[in-house]
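According to Swiss-Prot, the active site annotation covers H101, D104, on the basis of sequence analysis. Feature annotation from Swiss-Prot assigns Mg(2+) 1 binding site to E232, E268, D296, D339; the stated evidence is sequence analysis. If you look up Swiss-Prot, you'll see E268, H271, D307, D309 marked as Mg(2+) 2 binding site.
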Amino acid sequence: MAEYFKDIPKVKFEGTSSDNPLAFRHYNPEELVLGKSMKEHLRLAACYWHNFCWDGADVFGAGTFNRPWLQAGDAMQRAKEKADVAFEFFSKLNIPYYCFHDVDVSPEGNSIKEYINNFAQMTDVLEAKQEETGLKLLWGTANLFSNPRYASGAASSPNPEVFTYGATQVMHAMNATKRLGGENYVLWGGREGYETLLNTDLRQEREQLGRFMNMVVEHKHKIGFKGLLLIEPKPQEPTKHQYDYDTATVYGFLKQYGLENEFKVNIEANHATLAGHSFQHEVATAISLGLFGSIDANRGDPQLGWDTDQFPNSVEELSLVIYEILKAGGFTSGGFNFDTKLRRQSSDPQDMFIAHIGGMDHLAIGLKKAALMIENDFLGQAVSKRYAGWNGELGKGIQGGDFNLESLANLCVDKNLQPKHVSGQQELLENKVNNVLYG
């Protein structure tokens with residue numbers, strides 16, 4: 001396919017003095033922050049689905065974008081044209097990673113055999129594109145939610161044949177991810193939930209999910225895939241209630257089926273807020289549980305109750321999230337993937353670049369602000385001081401199992417304990433954070 005973004009040059013860093021909307025003002029891939037480059041810290045990725053599989057349609061109207069590769073025609077030819085445009089975009093954006101679902105990159109076909117054959121051919125195409133451009137795959141996944149067969153889920157479907165079809169897709173998607181050097185494999189249970197309890201057997205569906213995830217783990221080890229397996233939590237939409245509601249729920253599920261050492265989580269900002277949590281809360285919770293894996297960077301609209309997948313633009317939110325990540329040692333195989341889509345009125349080809357450039361710049365600012373908080377360590381010092389008692393004789397004794405309820409009660413009476421509350425100084429810390437963010 002002819003060059004689609006022919007009037008757009010490769011995006012470069014020009015600094016804060018630049019007013020060029022097609023240049024980075026803050027994201028400088030090789031700039032060192034805490035001894036590591038921005039590129040290594042952030043591990044940025046762009047997604048295939050919103051950028052190249054969506055024409056701007058919504059439930060109230062037809063598509064608003066000019067996407068020639070989505071027009072009617074030979075499905076495989078259109079898929080190859082889509083790959084041409086996608087890798088042109090990724091390369092010009094100067095982003096190091098990308099992510100995909102199986103049917104983003106390959107026609108599903110009219111049978112499972114067609115699906116397998118088409119996907120194998122397109123994996124060849126993607127492999128060649130990666131070699132040509134130097135782009136890497138952050139993660140792959142299988143779409144087990146769009147086709148009508150998955151109306152009641154895949155792993156949680158009441159029909160074992162649907163379960164089987166979904167398992168087949170996951171096997172081939174994981175195989176392709178391994179072949180393409182993917183660093184993670186994601187499972188998002190968009191339809192793994194229920195619409196009504198009137199026709200749902202919760203225990204049965206949970207057992208099915210547990211078996212499905214065990215099969216995924218078995219296949220990972222069978223083929224020697226070294227990447228992380230990631231579950232992406234979301235509370236609802238498209239189902240009324242999803243079984244991977246939030247990070248804590250996922251942890252409980254994994255513990256029940258002995259999988260807590262096999263999976264991490266891929267946290268999406270908009271999913272966190274839909275679950276009634278802050279983005280920072282979900283990241284901090286995942287880290288505290290040993291589940292942190294990767295991030296889908298986006299944002300929701302506070303006035304809307306659905307997944308808007310807008311580009312991240314809150315430096316405060318991003319700084320606090322990156323602070324949590326840096327405290328924990330940074331990403332291993334994960335990164336920041338832009339699971340984001342343009343507003344359907346943003347129909348100029350430049351808009352796709354401008355939106356991603358903004359997101360990359362905001363993450364770069366957040367990284368630098370988070371690094372300042374790490375270096376100043378005022379938050380770390382405040383937390384250490386607040387919990388200092390647990391490093392004393394009593395605190396260590398309690399946590400070390402030296403006391404039971406009766407012996408603690410006796411100690412409390414014998415020493416006539418009258419503990420006093422000490423200020424948490426929330427407002428002081430909020431002011432200090434704002435001083436870092438805004439000066």
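Every residue, even glycine, has its Cβ placed from backbone N, Cα and C.
Everything Swiss-Prot records as a feature, shown here on the structure.
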residue : record                : Cβ neighbours (10 Å)
H101    : active site           : 22
D104    : active site           : 22
E232    : Mg(2+) 1 binding site : 22
E268    : Mg(2+) 1 binding site : 26
H271    : Mg(2+) 2 binding site : 29
D296    : Mg(2+) 1 binding site : 24
D307    : Mg(2+) 2 binding site : 19
D309    : Mg(2+) 2 binding site : 21
D339    : Mg(2+) 1 binding site : 24
Residues within 8 Å of the E268, H271, D307, D309 Cβ centre (excluding the Mg(2+) 2 site residues themselves): K234, A269, N270, L274, D296, N298, G300, T308, D339
8 Å Cβ shell about E232, E268, D296, D339 centroid, Mg(2+) 1 site members excluded: W188, N266, I267, A269, N270, H271, I295, N298, N337
Nearest-integer angstrom distance between the alpha carbons (Cα) of H271 (Mg(2+) 2 binding site) and H101 (active site): 18
Spatial neighbours of H101 (active site) among the binding-site residues E232, D307, D309, D339 [C-alpha, 10 Å]: none
Cα distance (Å, whole number) from D309 (Mg(2+) 2 binding site) to D339 (Mg(2+) 1 binding site): 7
By Cα-Cα distance, the member of recorded positions D104, E232, E268, D296 nearest D307 (Mg(2+) 2 binding site): E268
Pairwise CA distance, D104 (active site) versus D296 (Mg(2+) 1 binding site), rounded so that it is a whole Å: 17
